[in-house]
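Notes to accompany the following structure.
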């Protein structure tokens, strides 16, 4: 076909006419993934996975490598952008009932777990103070596993403490896992397109579909432009906004930072971990804080898919959003009153959403039947 349109593939993709801007975050995540893979590749060329040289190699990248500062800052800020987009993407899925497409939701949650692991390994690589101590604290949680905990930890560390073998394997994992994410993303998208997207009303879109291009493709491009503009503005004017000041000092196993904390995007899980005084209990709660998302398709009892017409669940949803922000904030503070109490209360409220979901669905069904 001589004049075949370049976007014919997208022309042939029918999409519901009423999907809102909240549906744009999937394409934004794909862009973030491409950006992270490219900048990561250029950083890996100059990076040295050695405890004596890694910190210096980051300094070398930012000072001596042409545009190295740009690659390093784009990669660091891009990770934060990635998590902002993914949390909004998940929130949209919860609000509009996208989780009822089970395969898509479960593959997405698996993707989130792999992404969090990748980001954690990446945070350790600069071998700054916070990198080292965050790695020590988080990997040490494996010792809470009954019977095999200590052996598991030593196996991960490659010795009896965090050392050169740990950094080497973390770099190897940080390099290889993005390719797993790319593969999983392809599966995620294929599973989505077997059934198609949901929409804000939670109804079947088959009766009213429009071509993806030019309508939704232009909408996607607008949001991508906004995201990239925000990324470059942050990179140009305040590149260290998401960084911890402690991480500008080289790792020293003999000096413990006053307050150990991971990157901001893990603080909600870290806050939940910290709110339980028992080590094993905290580790279980940490894992549950993410894996509990997998229960959503199986605990949905309401006759309505979307929360658009469910005021009680809307209240619970916005409580969850506020709780998420509160846990993140409390986890940045020292382990002392009132922050410990705030952390414990918000952790309970976080899990309350998932417990109340089936109960409120059942109650709303009762109310709607009574009013008929």
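The backbone N, Cα and C atoms fix where each Cβ goes, and this holds for glycine too.
Same-chain residues at least 6 positions away in sequence with a Cβ under 8 Å from that of residue 174 (heme b b562 binding site) are, in sequence order, 118, 121, 122, 125. Summarising the annotation, Swiss-Prot assigns heme b b562 binding site to 75, 174.
The number of other Cβ atoms within 10 Å of the Cβ belonging to residue 188 (heme b b566 binding site), over all protein chains shown, comes to 21. The secondary structure of residue 188 (heme b b566 binding site), as reduced to three states from DSSP, is helical. The heme b b566 binding site annotation in Swiss-Prot covers 89, 188.
Here Swiss-Prot flags 193 as ubiquinone binding site, drawing on similarity to another entry. The number of other Cβ atoms within 10 Å of the Cβ belonging to residue 193 (ubiquinone binding site), over all protein chains shown, comes to 11.
Swiss-Prot lists 25-45 (among others) with the feature transmembrane segment.
Away from its own ends, the transmembrane segment (69-90) comes close to residues 22, 25-26, 28-29, 32-33, 35-36, 39-40, 42-43, 58, 61-63, 108, 112, 115, 119, 122, 227, 230-231, 234-235, 239, 241-243, 263-265, 293, 324 of its chain (Cβ-Cβ under 8 Å, at least six residues beyond either end). Residues or ranges marked as transmembrane segment by Swiss-Prot: 69-90 (among others).
Positions annotated as transmembrane segment by Swiss-Prot: 105-125 (among others).
What Swiss-Prot lists as transmembrane segment is 170-190 (among others), and the listing cites similarity to another entry. Among residues of the same chain six or more beyond the transmembrane segment (170-190), those with a C-beta under 8 A of the stretch's C-beta atoms are 26, 29-30, 33, 36-37, 40, 44, 47, 49, 104, 107-108, 110-111, 114-115, 117-118, 121-122, 124-125, 135.
The list of residues near the transmembrane segment (218-238) in space but at least 6 beyond its ends in sequence, with Cβ under 8 angstroms from a Cβ of it, reads 21, 24-25, 27-28, 31-32, 70, 73-74, 77-78, 81, 85. Per Swiss-Prot, transmembrane segment is recorded for 218-238 (among others).
The transmembrane segment annotation in Swiss-Prot covers 280-300 (among others).
Annotation comment: Swiss-Prot describes 312-332 (among others) as transmembrane segment.
Note on the transmembrane segment (339-358): residues 268, 271-272, 274-276, 285, 288-289, 292, 295-296, 299-301, 313, 316-317, 319-320, 323-324, 326-327, 330-331, 333 of its chain, located 6 or more positions outside it, place their CB under 8 angstroms from a CB of the stretch. Residues or ranges marked as transmembrane segment by Swiss-Prot: 339-358 (among others).
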Field: Cβ neighbour count (within 10 Å, all chains shown) around residue 75 (heme b b562 binding site)
entry: 20
- request: Based on DSSP, name the secondary structure state of residue 193 (ubiquinone binding site): helix, strand or coil.
  value: helix
Field: Distant-in-sequence neighbours of the transmembrane segment (25-45), which means Cβ under 8 A and at least six residues beyond its ends
entry: 61, 68, 71-72, 74-75, 78-79, 81-82, 85-86, 88-89, 92, 175, 178, 181-182, 185, 189, 220, 223-224, 227-228
Statement: Once DSSP output is merged into helix, strand and coil, residue 75 (heme b b562 binding site) belongs to helix
Message: Given a separation of at least six residues and a C-beta threshold under 8 Å, show me what packs close to residue 89 (heme b b566 binding site) in the same chain.
response: 25, 26, 29
